[in-house]
Amino acid sequence: MNRPDLLFLVCRLQGLRLATSRAGCVKLETICGQLEVNTNTFETPSAAYTTSLFHRSATMSSKLSTGMRGLSSQVGTETSSSSEDDIDDAFSELEGPEVSTDAVQDKKNTFEGNEDELVSDPDLSDDDFMEESSHDTLGLSDTEADPAEKLLTRKKLTSELFNAIVKDPNSSIEDVLSKWVEEGKELGKQEVTAAILGCRKRRMFGRALQLSEWLEKKDEFDFIERDYASRADLIAKVRGLQSAEKYIDKIPKSFKGELIYRTFLANCVTSSNLKKAEEVFNKMRDLDFELTAFTCNQLLLLYKRLDRKKIADVLLLMEKQNVKPTSFTYKLLIDTKGQANDLTGMEEIAETMKAEGLVPDLTTRAIMVGHYVSGGLREKAESILKEMEAGDLKENRWVCRVLLPLYASLGKSDEVARVWEICKASPRLEECLSAIEAYGKLKQIEKAEAVFDKMEQKYKKISSKHYSTLLKVYANNKMLSKGKDLVRRMGEKGCRVGPLTWDAMVKLYVEAGEVEKADSMLQKAVQQNKMKPMFNSYITIMDQYSKRGDVHNAEKMFVRMRQSGYIARMRQFQSLVQAYVNAKVPAYGIRERMKADNIFPNKALAAQLARVDAFRRTAVSDLLD
């Protein structure tokens, strides 16, 4: 990408005007030191801020011009959407709780050492930290997989050992391996590695970690950098960042390359740990690792969630270091503009992407459709949907699961029925889930239930993930009785109930006006299962207390989130401060608490804080003084 195009992206994100001189060069225009800002996007950074990418990291500014050396692996390549395997990520699952398409739920690590809870359902995949991955109907994810690892996962690897592990979920890995050897079967590194990849794909990270630990203990197997990186990634997912960092410190120096730190950085982003992520980034610069698109995209993803003012600085850094934006870079920027309701800016970024020879993939176009629907531009949304169909859907079945909920969001029941008719004869699991969600959006509950029954008949053993899709339909339609019956049905079927199901139950109770019941249910579930609830579960309850002005319970939820391992973010403080606003009481020390957590308020939160400032001065208070 040439300099004008990249500066254009920066200006679109910061709301700056581009001025072209008579000589034709592009520059950022400033008038008397004032920057023109689009109020729909981000605040103008201060002069002090613009001197450094990480204005709160004293060491960062000196690193912006550091030269880099090359790496053997190429990262940040375009993500294809031509098959259903495209959303399987072997190293990092970087979800964003604030993705406007509602495609991704917040996913985090479970409690340290709680590996027994990480064994997934034997037939269908669970998530290591929440018994299942959230159903991503659109196939959208705030994720950029390590491309080198993605190539491995896309190979149709078959592993007898993995099948043996799946069929015996109650036995330890040691027992499974011992039985394997007793049967006279070969147990080489290739077989174990294939089993680890199988566990990863099904999100059985606890099992994958146990296999990796067993593999490293065997002196006859040589560990290479990728093996160490995989192990560090699994430790981060299962036991947390601190344990992963300790493991990385013990890795032999000769194997502690860019892949190790890139993997750890991705996990820091997954955990939304801004301080640690910036620390790891600085470490990578100190070690003279080349600045890559993958690394920059991790920062963009992090700042998209936590500090959007820094996005433009990352783009400027990429321009300075000649790092070419990838499809994932554009996808993040398009979604960021859409979330800011700047649909014109979103379109301009999409056009810039095309001008660079990058065709928006299915997920990028789906994101745009979601934002067009939210913005009331139905014709533009429908136009993109027709482009996405691209001919005969029977030959492009993988598109159906994306189209179903998008047509439903437009209220087009005929289109939903047309697409489902193509899948109906022999539906795939993801198509069933998409159809259930679509009919739920259309308030056609009986049709959603019919699809669920069809799915249950075809796939004899389904997981909590699949039950939760129908449970959310009941929650969205305030059908508490049916929701409870479905949960009982899950129990009778021997289905594990974990964080994704809890989240649906929380919404079910909240929509029915039973906030206290949602609170007690979630607390009881945590105590009994020792698993980490989803971020959304906590914030849903907290927002309800906030609306009531119930400061005590809002503070209680704030503390519980921290105890569960969720670091403080602006979202929690917004809800907490609003509780004080609605209660009409001052929030003593709230600014100090935010500062301690490295949280700097945006305009909206600053306005909230002003209303609960115990020492604010008004015209009336001045008269009384």
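Even glycines carry a Cβ here, placed using N, Cα and C.
Just so you know, TrEMBL annotations never went through curation; they're auto-generated.
The compositional bias 'Polar residues' annotation in TrEMBL covers 65-76. The compositional bias 'Acidic residues' annotation in TrEMBL covers 83-96, 113-131. Summarising the annotation, TrEMBL assigns domain 'PROP1-like PPR' to 436-556. Sequence annotations record features per position, and here TrEMBL assigns region 'Disordered' to 65-145. The annotation repeat 'PPR' is assigned in TrEMBL to 463-497, 498-533, 534-568.
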Item to complete: With DSSP as the yardstick, break the repeat 'PPR' (534-568) down into helix, strand and coil residue counts.
Response: 27 helix, 0 strand, 8 coil
Discussion item. Per DSSP, what is the helix/strand/coil residue tally across the repeat 'PPR' (498-533)?
Written reply: 28 helix, 0 strand, 8 coil
Worksheet entry | Confidence summary (mean pLDDT) of the repeat 'PPR' (498-533) | 89
